[in-house]
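Asks: Take a look at the following structure, please.
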Amino acid sequence: MSVPLLKIGVVLSTMAMITNWMSQTLPSLVGLNTTKLAAAPGGIPDRSTGVLPANPEESWQVYSSAQDSEGRCICTVVAPQQTMCSRDARTKQLRQLLEKVQNMTQSIQVLDQRTQRDLQYVEKMEIQLRGLETKFRQVEESHKQNIAKQYKAIKAKMEELRPLIPVLEEYKADAKLVLQFKEEVQNLTSVLNELQEEMGAYDYEELQNRVSNLEERLRACMQKLACGKLTGISDPITIKTSGSRFGSWMTDPLAPEGDTRVWYMDGYHNNRFVREYKSMSDFMNSDNFTSHRLPHPWSGTGQVVYNGSIYFNKFQSHIIIKFDFKTSSISKSRQLDYAGFNNMYHYAWGGHSDIDLMVDEGGLWAVYATNQNAGNIVISKLNPNTLQIIKSWTTNHPKRSAGEAFMICGTLYVTNGYAGGTKVYYAFHTNSSTYEYIDIALQNKYSHISMLDYNPKDRALYAWNNGHQVLYNVTLFHVIRSEEL
């Protein structure tokens, strides 16, 4: 047997082994074989698989085996018949099984794809549900916090209103007292009418005493009604925008009825011209004014107009001057002893604001600082006619640390600054010579306050805020005790 024939035999033998394995072993591996192969008696062992073929004609057969002189193996091989029904049946069965496996594989792939899509959807829904759960938890916590905040705000408001209950009771008593005054006035009026008819029926001196007594009581009542403790400052009302960054403007708190003139002074030094506007309306809407020339330039922005005269600090001195507008002359001048001047003890914003003149329900005041009081604020009550000091109070507040200051009902109120966020935070009470720290917001709309004065007639604060003339309404808290009247 030649070498090529041997090679063909080996190849064919190998193919037979593979076919036999696919027909017998593969079905058993996938668990789908239903036919058990049996070895025929007298069969020839299959050297490839170790099993006996059922029919010798269905497999390759080796009839002889020998070696040549060179030691090579020489075999005689007979191939099986090409047409074998039994093998065709098993091949067809295996093919069907393989098709089923392929179909199952495709089904599994489709199912896997659907499962993956469902899993992605479930994961997405899980994320959304967790997000909703978090949002619901946040809403619940926010709702609880809002309720707590509202409860605290209501509780704080109730705490603020609770002290007003006894005050309202006192107001009721005050109302009865006013009615009593009214009845007494009516009685006196009727007595005077009768007295005109019957001369000599009453003692004039006794009647005059009764009238004077009633007048004093009424005046005391009105003064107590007008005065009180500062509890609030309104938002600013801008009246006009004019002038430089520094200046002062005011009205006369003792002006007669119908006199609404406005006085305007631009700058804080080296100026001596005062503008007079006929009314607040003229000041707001026009530039029609009368100019008054002072005999000396003023210093700072602490001037006041009071009872027809202007009071100002003479530039680079501690001299106070009273200038009468009617006569256009100095009616009085006096030195304010020991008071710092020429930017020695100014307000925090500077501007030669060493001496600040003020007016309230009690009269004329001067606020300044001295070396004797270590640069702290000194308050002096002045006689408006003679400019003599009636009484002085020393405080513990440094003048240079104050933004601005004003007097209301004998109490000096000091701001914590002049730029940016501003509030009234210090109060000195001259009636008791005591002080306290307070917290009253003051909206600094234009960021630089260089003048802040109280007008008891308007019950308002006049301010010069960075070239803007501004008004603030104030709220005063007062209690009238009947035993004091």
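Just so it is clear, glycine is given a Cβ too, placed from its N, Cα and C backbone atoms.
Because the structure is a prediction, the values reported are computed rather than measured.
Okay, so TrEMBL annotates it like this:
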COILED    94-142  coiled coil
COILED    178-224  coiled coil
DISULFID  Cys227-Cys409  disulfide bond
DOMAIN    226-478  domain 'Olfactomedin-like'
SIGNAL    1-16  signal peptide
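Neighbours and distances for these, please.
Replies: Regional average pLDDT for the coiled coil (94-142) in the model is 70.
The Cβ of Cys227 (disulfide bond) has 19 other Cβ atoms within 10 Å, all protein chains considered.
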Asks: Around Cys409 (disulfide bond), how many other CB atoms lie within 10 A of its CB?
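Replies: For Cys409 (disulfide bond), the 10 Å Cβ neighbour count is 21.
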